[in-house]
Amino acid sequence: MKNPNQRTKTTIVESSAAAIVSASEVLLVHLICAIGLAISFWVANNHHSITLISHPSQTLLHIWVIQCPILILLYSRYRQSPQQFSCLRAVGRGILGLIAGALVNAFGAIALGAPTGVKSLSKTINWSMMMSLFTVVPAASVFGSSWTDWQRIFAYTKPMGPIDYMICLPAHGAVLGAWFGAWPMPLDWERPWQEWPICVSYGAIAGYLVAMVASFLVVLVRGTLQHTKRD
């Protein structure tokens with residue numbers, strides 16, 4: 001069993017490892033994620049002739065199935081205590097996080113008024129899987145079951161380093177985007193894109209992409225300021 005001094009040293013080593021991640025690496029990770037999203041829409045549109053408006057459930061299925069291995073493999077590289085936890089274990093934690101996060105997002109959506117009928121079931125499931133990828137999977141792959149880190153990132157919103165910002169800002173951006181995207185749904189415009197979960201999905205994706213840009217800019221500015229202080 002580690003004494004407090006050893007635990008403190010371990011935390012310092014892990015924080016130092018997290019600080020090594022540069023702004024260019026953060027940009028690369030987010031760029032790969034964005035390209036994965038673009039590929040998802042391209043495959044759905046060009047190979048199956050479907051869009052988020054015409055076939056929301058199938059399009060969302062394409063998004064989370066293609067994006068899932070990309071996100072899990074990318075963020076598993078930044079797992080805590082890599083000497084103790086293998087990449088395969090981090091991948092397993094990401095998969096478990098995908099399922100658990102989908103359940104949480106589904107219950108949250110239903111509690112806020114998402115339709116519960118059989119006709120909407122597949123739409124809700126696929127939307128929840130996509131939202132889980134945006135919000136839960138990166139943290140599950142990196143932090144596993146570390147409740148302290150989950151609280152710090154999501155309950156207190158206190159990211160400490162580049163990896164925290166990579167996880168925290170896009171997750172919050174996706175949730176806020178989905179929230180704002182839901183506003184047109186109750187309006188009596190009778191537009192096809194007002195149906196569940198089309199505008200919510202567009203809002204979540206837009207918020208996720210904007211927050212990824214913000215994440216990169218924050219890491220870049222913080223790195224520049226730290227470099228200036230050292231000089």
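Cβ coordinates are placed from backbone N, Cα and C, and glycine is handled just like the others.
Quick look at what TrEMBL annotates:
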TRANSMEM  12-39  transmembrane segment
TRANSMEM  59-78  transmembrane segment
TRANSMEM  90-112  transmembrane segment
TRANSMEM  124-143  transmembrane segment
TRANSMEM  163-182  transmembrane segment
TRANSMEM  202-221  transmembrane segment
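Residues 21, 23, 26-27, 30, 33-34, 37, 52, 130-131, 134, 162, 165-166, 168-182, 193 of the same chain lie 6+ residues outside the transmembrane segment (202-221) yet bring a C-beta within less than 8 angstroms of a C-beta in it. Within its own chain, the transmembrane segment (90-112) has Cβ neighbours under 8 Å at 68, 71-73, 75-76, 79, 124-125, 127-129, 131-133, 135-137, 139-142, 144-145, 182, 197, 200, counting only residues six or more beyond its boundaries. Same-chain residues lying 6 or more positions outside the transmembrane segment (59-78) and placing a CB less than 8 Å from one of its CB atoms are 18, 21, 29, 32-33, 36-37, 39-41, 43-44, 48, 50-52, 87, 90-91, 94-95, 98, 123, 126-127, 129-130, 132-133, 137-138, 141-142, 163, 166-167, 197, 201.
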